[in-house]
Amino acid sequence: MSADTWRIGKHEMSSRFFLGTGLFPSPLVQQEAISASGAEVLTFAIRRVNLDAVEDDSILQHIEPGAFIFLPNTSGARTADEAVRIARLARASGLSDWVKVEISASERTLLPDPIETLRATEILVREGFTVLPYISDDPIICRKLEEAGAAAIMPGGAPIGTGLGILNPYNIGLIVEEAGVPVIIDAGLGTASDASLAMELGASAVLMNTPVAKAKDPVGMAKAMRMAIEAGRLAYVSGRMPKKRYASASSGMASLIVK
Amino acid sequence: MELIINGSKRELQLESRTLAEVIDKLGLSGKPVVAEVDGEVLVAEQWPAFAVMPGMKIELVHFVGGG
């Protein structure tokens, strides 16, 4: 197979694994997990500096400068205006003009608010951001986000941090089928088979944080996810056999020695 | 000068009264922080020339772990 690369904006990538940077047990484990994942894109959140502990390590001190594309998110935002404000702050860092629009409408489920997400995407696209909205697995809202200029669409497999896997493979398949921009499965995955299924359904990439960071061995899980993503992608590209209702023998019945 | 920084009132002794001085006084010079004053995002190049006034709302944010 020739180099199976893909792109968002001007960035051509070979890894199909976006890795989050929250919840890791230590900076060292995080660094090793990043390395094992092969990820080229890392996600971050934007929060206030703790002015009473300014000497505390910035997370960026542990990340090799220039080696990754940074994808800051707008987590914590409840409206489009809040998300736009966070996105502008993130871009002012000079580190990235990519933004993951994440606007939660429910504290319990953290499910995205589709109306506000669409509004924020429209505004940020106009302002020249590379916008990757996190959204529900609804094919229609995904289409509308693409029409609004999203550089990729990122439907969730299940609510953030649940590890429930892909709850609606039919919808994800439909989203992939209809999308003209990369589809990245974001949120809700739990283990390697979930990542593999996402890729077998035709996703361009997978974004994960909790299933790696909260695994017993995050470095081992980062590697497992990387392999699952590669396996799922190769299976998708190679084209699986059709499912059949009844058995069909591998050797046929001709020249059988028993009658 | 009293400023509202990250949601809390804070009294700082300032000479040049610039945003760059505020950030320096807080021990954040050279760190990857981003500033917003009264809702306006200011990139680092703007800090030395930006005059702060009493009561201004300053937000200082940075990248943290997230997914």
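Using N, Cα and C of the backbone, Cβ positions are placed for all residues, glycine too.
Automatic prediction, not curation, is the source of TrEMBL annotations.
Site annotation for 1-deoxy-D-xylulose 5-phosphate in TrEMBL covers A:Ala187, A:Gly188, A:Asn209, A:Thr210, and the matching candidate from A:Gly161, A:Gly232, A:Gly239 is A:Gly161.
Ranked by Cα separation from A:Lys100 (active site, schiff-base intermediate with DXP), the binding-site residues A:Gly161, A:Ala187, A:Gly188, A:Thr210 are led by A:Ala187. If you draw a 10 Å sphere around the CB of A:Lys100 (active site, schiff-base intermediate with DXP), it holds 29 other CB atoms from the protein chains shown. In this structure, of the binding-site residues A:Asn209, A:Thr210, the smallest number of CB atoms within 10 A of the CB marks A:Thr210.
Cβ environment of A:Gly188 (1-deoxy-D-xylulose 5-phosphate binding site): A:Gly156, A:Gly157, A:Ala158, A:Pro159, A:Ile160, A:Gly161, A:Thr162, A:Gly163, A:Leu164, A:Gly165, A:Ile166, A:Leu167 lie under 8 Å away, each six or more residues apart in the same chain. Per the record's binding annotation for 1-deoxy-D-xylulose 5-phosphate, residues A:Gly161, A:Ala187, A:Gly188, A:Asn209, A:Thr210 show a top Cα-Cα distance of 9 Å. The binding-site residues considered are A:Gly161, A:Ala187; of these, A:Gly161 has the fewest other C-beta atoms within 10 angstroms of its C-beta.
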